[in-house]
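Undergrad: Take a look at the following structure, please.
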């Protein structure tokens with residue numbers, strides 16, 4: 001009982017004897033009334049929406065008497081809301097600014113509660129209790145149970161990278177996880193077609209993992225993870241492509257007789273001369289007589305050479 005007195009949102013003075021009795025009655029009421037959730041009212045709301053728990057006040061003999069309105073959430077020791085005439089209301093910390101009693105001229109019962117900006121943590125069992133101060137705790141019971149289901153559209157908590165580089169023969173795991181209420185279903189697509197399960201491709205862990213082993217060329221493409229429930233669906237795509245290594249051009253050096261400057265390979269197998277004496281201009285040069293061309297400088301290449309006589313006035317070629 002001391003706990004309730006310390007946690008009460010009211011200023012307690014010694015001359016408010018009736019208020020001290022109020023807390024004692026409330027305490028016994030909480031302990032003495034067993035939950036009757038079989039006749040509960042079930043309410044479903046979307047994340048961020050508002051709901052009204054409709055609860056009336058059943059006065060004994062239809063005669064209005066002083067009472068305390070108290071709303072509890074199952075599993076919490078402290079009521080989420082307490083109202084008593086002429087005193088400040090109590091709102092649990094996690095409900096502050098979001099919970100209030102409906103106005104007296106509303107179409108709902110006098111004990112009804114309005115909950116706004118609903119969060120997923122708000123889901124659960126709620127009980128409306130009306131405690132009359134001029135009655136013993138169990139002589140007249142007012143209590144209504146509600147169950148709030150909070151639905152939320154899917155949202156991703158884990159997604160694969162948008163571009164994944166692989167080599168043929170590799171194995172990869174694409175991980176896609178989503179939250180929401182009801183729990184989202186995960187479906188995988190490849191290039192707009194649902195993924196075919198095979199000896200090398202499989203879906204695991206309730207659809208959150210797509211595993212591909214011994215990657216082949218037909219496994220390359222766009223993979224899309226779709227998360228869906230009754231409130232909507234979202235998607236995320238990842239592109240699996242073959243890794244491309246940097247390309248470094250190779251110089252092809254050769255020598256000949258008569259001597260020619262260093263040259264690089266040209267089209268159709270010809271080797272145009274890069275002449276230092278002509279400010280970098282490239283041209284084909286024909287040398288009369290016997291010409292020996294030799295290629296070298298390629299890793300692992302022992303070289304390639306040909307001997308020919310340029311009687312037709314053509315440049316040396318490989």
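Cβ coordinates come from backbone N, Cα and C, glycine included.
According to TrEMBL, the signal peptide annotation covers 1-35. The domain 'Ig-like' annotation in TrEMBL covers 35-130, 154-241. Residues or ranges marked as region 'Disordered' by TrEMBL: 298-318.
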Undergrad: By DSSP assignment, list the helix, strand and coil residue numbers for the domain 'Ig-like' (154-241), in that order.
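TA: DSSP classes over the domain 'Ig-like' (154-241) add up to 3 helix, 53 strand, 32 coil.
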Undergrad: Within the domain 'Ig-like' (35-130), how many residues are helix, strand or coil going by DSSP?
TA: 12 helix, 35 strand, 49 coil
